[in-house]
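A.B. asks: Starting off with a structure, shown below.
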Amino acid sequence: MKVIFMGTPEFAVPALKKLITHHEVKAVFAQQPKAKGRGLNLAKSPIHQLAFEHQIPVYTPSTLRNDKTINLINKINADIIVVIAYGFIVPKAILEAKKYGCLNIHPSDLPRHRGAAPLQRTIIEGDRKSSVCIMRMDAGLDTGDILMKEDFDLEERTTLEELHNKCANLGAELLIKTLANIDNIVPIKQSSDGVTYAHKLTKEEGKINWYESAYKIDCKIRGMNPWPGAYFSYNDKIIKILEAEYLNAEHHFTSGTVISDKLEIACGSGILRVKKLQQESKKALNIEEFLRGTNILKDTILK
């Protein structure tokens, strides 16, 4: 099958690799190179780099909402468009430009976690089950019909990185199965029940509320690493907690109280045992290294 691929980050790489192996990728659309590092040199996105290595034409328009880009896509001889974490809204003219329309890999149990941050919200909400869906895109926000879906269980303390990698690889496999059977698949409309929205994360959301349960705070730590990071303030410094574990232990302390010299913190319910931290503008440290340089005393109440 002749494919136009639209994507940008690492999450989309396994799918593009599979498409290159099994189909004919006619063109790739990715976001424009961005300045990175101290030298602010322009760096290609992971998808742009992969397409470049395979000598596939790459286009990096600043928007899809103009006649020039729409006309370009219309001229490319392709049967289908695959869109994965591209970063731009796809207008109706492009959704309907090819015979089989536009397909999308969405890493959640739709209609739960529609939107920009399904992986993060899955972890933050403490979900123990999730899915990867192959969806035929329509004009709504992740409201299209489901062509193929695979459910799976999450371990209790699954990290964002683990979920990201699982969904990226599973999605790539499902995409190839979908394309192989696309003429025989009966699309399934999404339920109108159980709709939730996985809104884009904000930096402010990362601030830890010690009155929440230790379990909920642990979910936030795992779901917000690396960005924006779950953090607290100490001596006017922002400190991110990168790794912790929760203890379902009763206590009589005020929430936010440091109850041991190993940075165990009383929460609304339970205790959070911190294992890895990062102070702003400094490198990440395990708890022993951190406490050698920053002495947070027992009985301190964190904000």
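Numbering starts at 1 and runs along the chain as displayed.
Glycine residues also receive a Cβ, built from the backbone N, Cα and C atoms like all the rest.
Reproduced below are the annotations present in Swiss-Prot:
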type    : residues                       : note
BINDING : SER108, ASP109, LEU110, PRO111 : (6S)-5,6,7,8-tetrahydrofolate binding site
A.B. asks: Would you mind pulling the DSSP three-state label for SER108 ((6S)-5,6,7,8-tetrahydrofolate binding site)?
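C.D. replies: Assignment for SER108 ((6S)-5,6,7,8-tetrahydrofolate binding site) reads coil.
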A.B. asks: Using a Cβ-Cβ cut-off under 8 angstroms and a sequence gap of six or more, which residues of the chain neighbour LEU110 ((6S)-5,6,7,8-tetrahydrofolate binding site)?
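C.D. replies: Sequence-distant Cβ neighbours: SER131, CYS133, MET135, ASP142, ILE146, LYS149, GLN190.
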A.B. asks: Using Cβ atoms only, which residues of the same chain lie under 8 Å from SER108 ((6S)-5,6,7,8-tetrahydrofolate binding site) while being at least 6 residues apart in sequence?
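C.D. replies: The list for SER108 ((6S)-5,6,7,8-tetrahydrofolate binding site) reads ARG114, PRO118, LEU119, ARG121, THR122, SER130, SER131, CYS133, ALA198, given in order along the sequence.
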A.B. asks: Within the chain of PRO111 ((6S)-5,6,7,8-tetrahydrofolate binding site), which residues six or more apart in sequence place their C-beta under 8 angstroms from its C-beta?
C.D. replies: ASP142, THR143, GLN190, SER191, SER192, ASP193, GLY194, VAL195, THR196
A.B. asks: Sorted by position, what residues of the same chain at least six away from ASP109 ((6S)-5,6,7,8-tetrahydrofolate binding site) have a C-beta under 8 A from it?
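C.D. replies: The answer is LYS129, SER130, SER131, CYS133, ASP151.
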A.B. asks: Other residues with Cβ within 8 Å of the Cβ centroid of SER108, ASP109, LEU110, PRO111 at the (6S)-5,6,7,8-tetrahydrofolate site?
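C.D. replies: Filtered neighbour residues, in order: HIS106, ARG112, HIS113, ARG114, PRO118, SER131, CYS133, ASP142, GLN190, GLY194.
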